[in-house]
Amino acid sequence: MAKYNLKVAHFYGDLMNTYGDIGNIIALKYYGKQMDTDITSDIVSIGDDFDDQQYDLAVFGGGQDYEQMVISKDIPHKKEAIARFINGGKPFLAICGGFQLLGQYYVDANGEKIPGIGVLSHYTVTQSSHRSAMQNQTRFIGDIVIKNPQNGDLYHGFENHNGRTFLGDDEQPLGIVQEGHGNNGEDKTEGAIYKHTYCSYFHGPILTRNGNLAKQMLLEALHNKYPNEDFSKQESLIIKPTF
Ligand code: GLN
């Protein structure tokens, strides 16, 4: 038995799992072991209540426009608890479609406006609504590398999205694009950071390829849950980038 334990809410894990985003949970378990921490997770899906008090971390994967439309009808019931979770500084990882649904709205490839819960301030539009026959040419698809401006970490991933996301004033990008497209192909931003919520278009999954981010989220959750413990041993597992 590990000394610590953390519980992950896996939002719509049965519907949102593009390119095996569930690997993010596996990565949290893997790094949890190195940090003397047991990780358990529950899928929180359609019709389920979300009791934010029960969870220390949250993960929300990517998905297709159809699934996003279905989820947009359920997620408003969880909005208040998700807002409390995020604004209370608990770590939350939202990928691609999950990233879009935490924001204000997403205009899908057919030009349909799918409402988000607006807990985060970004919004997402489409380039392909007027030329859906060319949708494949307008998706952002390929390998991507970004640099986190706060700590110099380089993150590697694979992006495949129609949506173009624009950040709000209270959000920072997860990274600056070095290679690839990022949020919108215009402003070099990729993903978002708000408090301890990390959003990204990265699949791969992001935490299996970028262990520092997994460790950072676990440390934040440990500090929240065990405020009087010394986690310097766990902190030493973070690999310092050479700028
Ligand atoms: N359906 C969304 C888009 O195309 C999200 C895609 C994803 O989650 N990979 O932008």
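Keep in mind that glycine also has a Cβ here, set from the backbone N, Cα and C atoms.
The active site, nucleophile annotation in TrEMBL covers Cys96. Here the Cβ of Cys96 (active site, nucleophile) has 28 other Cβ atoms within 10 Å, regardless of which shown protein chain they belong to.
Feature annotation from TrEMBL assigns active site to His203. Residues near His203 (active site) in space but far in sequence (CB under 8 A, at least 6 apart, same chain), listed by position: Thr18, Tyr19, Gly20, Asp21, Gly62, Ile95, Cys96, Gly157, Phe158, Glu159, Asn160. In the three-state DSSP reading, His203 (active site) counts as strand.
The secondary structure of Arg139 (substrate binding site), as reduced to three states from DSSP, is coil rather than helix or strand. Neighbour density for Arg139 (substrate binding site): within 10 A of its CB lie 18 other CB atoms from the protein chains shown. Marked as substrate binding site by TrEMBL: Arg139.
Annotation source TrEMBL lists domain 'CobB/CobQ-like glutamine amidotransferase' at 7-210.
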